[in-house]
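Encoded as structure tokens, the structure appears first; notes follow it.
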Amino acid sequence: MSKRDYYEVLGVSKSASKDEIKKAYRKLSKKYHPDINKEAGSDEKFKEVKEAYETLSDDQKRAHYDQFGHTDPNQGFGGGGFGGGDFGGFGFDDIFSSIFGGGTRRRDPNAPRQGADLQYTMTLSFEDAAFGKETTIEIPREETCETCKGSGAKPGTNPETCSHCGGSGQLNVEQNTPFGKVVNRRVCHHCEGTGKIIKNKCADCGGKGKIKKRKKINVTIPAGVDDGQQLRLSGQGEPGINGGPAGDLFVVFHVRAHEFFERDGDDIYCEMPLTFAQAALGDEVEVPTLHGKVKLKIPAGTQTGTKFRLRGKGVQNVRGYGQGDQHIVVRVVTPTNLTDKQKDIIREFAEVSGNLPDEQEMSFFDKVKRAFKGD
């Protein structure tokens, strides 16, 4: 099955800006996140959205994708020039290695190698993402078997050198090619490329040299993290191989939506409902912020859609570059379930105001003020 176009996946145009791509990703990642969406196939859609964002948010990867799409230009003979494509089950590195005695360097199966990286998804409340916190997580990961010290062999015994590959972890296979008979190196299937055979396996780890355990890790979540961002914990991944360094743990943050606030970068947005009288006559109201309640003066004549800004009341930048603002959008609430007296007042106001704008000799809200004040 062919891959979908990354722009189509995110629902943006090919000329979309980085901000547009980021907004689309955040919206779709929340929609399809496995912790929220339990529908079948949501996890695959989440992975598809993540893959598209990782490519289109990177300038170099995006330029490469715009030019070549999902096709790797380094494969085959066409377009991008001569590459290391498939040629009858062997590579050109193997051919030239056989003919000229050079080619790629053989990897030592017993050389130290870094352990695999791990990923952990952490769900945060809106407030915890804004202010940060200290927490402890528990992850399953492989630890070096203490019984055999990672060798995989029963205590008192040692792994033996593979007799098939001589400890190299590779076998030389002869093949007939248009260039003649050449030697192609393959991973030794007898020792699975390790160069060692374990005849007496450790009873605790079954010869693997590793045991699955759950480990508790303290995590310091920085203030200002956003949905989709990740924190790298060096050395907290899988243990290294043959004495190599451990891999890293990547903690990916998923931030739950807030019932009142919305976030865009370091800025916070919210909608403030006002009564008809408050909007017409003006008022001083208390506005909730992440940092506590703040008094906001509403001028007379304020209409739906009017915006106010509270500087420094947003989220701290995760890299320490200042503080965001809180933006307030006014929504004037039309009264419902009016009493007879309230209906009479509004009818009286309508008679004073007139029904057409050109009949009004003063501003609409001046008349509202007069009607409510009884002038």
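Glycine is no exception: its Cβ is also placed from the backbone N, Cα and C atoms.
As recorded in Swiss-Prot, the features of this protein are as follows:
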type    : residues                       : note
DOMAIN  : 5-69                           : domain 'J'
ZN_FING : 132-214                        : zinc finger
REPEAT  : 145-152                        : repeat 'CXXCXGXG motif'
BINDING : CYS145, CYS148, CYS202, CYS205 : Zn(2+) 1 binding site
REPEAT  : 162-169                        : repeat 'CXXCXGXG motif'
BINDING : CYS162, CYS165, CYS188, CYS191 : Zn(2+) 2 binding site
REPEAT  : 188-195                        : repeat 'CXXCXGXG motif'
REPEAT  : 202-209                        : repeat 'CXXCXGXG motif'
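Feature annotations (Swiss-Prot) mapped to structure.
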residue : record                : Cβ contacts under 8 Å, 6 or more apart
CYS145  : Zn(2+) 1 binding site : GLY152, CYS202, ASP204, CYS205, LYS208, GLY209, LYS210, ILE211
CYS148  : Zn(2+) 1 binding site : LYS154, PRO155, CYS202, ASP204, CYS205, GLY209
CYS162  : Zn(2+) 2 binding site : GLY169, CYS188, HIS190, CYS191, THR194, GLY195, LYS196, ILE197
CYS165  : Zn(2+) 2 binding site : LEU171, CYS188, HIS190, CYS191, GLY195
Please check if the repeat 'CXXCXGXG motif' (145-152) comes into contact with the repeat 'CXXCXGXG motif' (202-209), where contact means 3 or more CB pairs closer than 8 Å and the residues in each pair are separated by 6 or more positions.
yes
Indicate whether CYS145 (Zn(2+) 1 binding site) is helix, strand or coil by DSSP.
coil
The domain 'J' (5-69) - residue tally per DSSP class, helix then strand then coil
45 helix, 0 strand, 20 coil
C-beta crowding around CYS205 (Zn(2+) 1 binding site), within 10 angstroms:
22
Please give the average pLDDT for the repeat 'CXXCXGXG motif' (162-169) in this predicted model.
87
Counting by DSSP, what is the helix, strand and coil composition of the repeat 'CXXCXGXG motif' (202-209)?
0 helix, 0 strand, 8 coil
What is the total of other Cβ atoms whose distance to the Cβ of CYS191 (Zn(2+) 2 binding site) is within 10 Å?
24
Provide the number of Cβ atoms within 10 Å of the Cβ of CYS188 (Zn(2+) 2 binding site), excluding the reference atom itself.
21
